[in-house]
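To keep things clear, I will list the structure first and then write my remarks on it.
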């Protein structure tokens with residue numbers, strides 16, 4: 001049971017996670033079409049970056065002005081190049097961003113949970129770093145979208161990433177087994193979008209609470 005909602009609330013909070021290229025963003029969009037309220041952790045993290053904000057100041061202090069655009073905004077592509085090439089720097093960035101991101105997500109969950117207490121709606125926290133942020137205690141169930149490394153690499157290459165960059169991003173995330181340890185539901189996404197759609201809607205319809213694989 002999520003610790004941010006009243007025990008009387010019928011709203012269910014799903015933690016949606018998985019490694020880059022597995023397809024969790026597609027699953028999030030499919031759930032949104034079914035009425036779920038989606039909290040996109042990646043987009044929220046970027047919203048913490050406006051010039052002169054607390055997070056912005058900490059990032060610039062750590063990584064220097066080389067990551068800034070002319071207007072003072074953080075060049076996310078440049079920052080990504082730095083952190084995905086150095087595990088220590090990625091950990092440093094996470095220590096800056098994750099606490100603020102967790103606080104923001106918890107606030108949204110409380111607001112939406114209160115608003116939808118009687119509706120029995122579904123709130124989905126879409127976050128590749130669900131465990132790292134420390135959000136396992138605020139969700140009722142964790143749904144992990146998985147795909148083989150080869151499949152994920154192929155998808156990232158189709159999106160225009162170089163093989164070197166794609167592999168750096170893949171290798172920067174949790175090992176396969178670590179995702180499975182936190183999963184209540186696992187959706188294997190090795191096929192078509194149509195197949196993924198069928199699996200996703202099946203998960204939503206059954207609202208599973210036990211550990212299983214589709």
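Note: Cβ is positioned from N, Cα and C throughout, glycine not excepted.
Here's what TrEMBL has on this protein:
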- 21, 22, 23, 24, 25, 26: ATP binding site (BINDING)
Completion exercise
Long-range Cβ list for residue 23 (ATP binding site), cut-off under 8 Å, min separation 6+ in sequence, same chain only, gives 145, 147, 155, 189, 196
Problem - For residue 21 (ATP binding site): intrachain residues, at least 6 apart, with Cβ closer than 8 Å - result: 147, 151, 152, 153, 155, 156, 166, 170
Practice task
Tell me the Cβ neighbour count for residue 22 (ATP binding site), meaning other Cβ atoms within 10 Å of its Cβ, over all protein chains shown.
Solution key: 25
Completion exercise
With neighbours defined as other CB atoms within 10 A, the best-packed of the binding-site residues 24, 25, 26 is 24
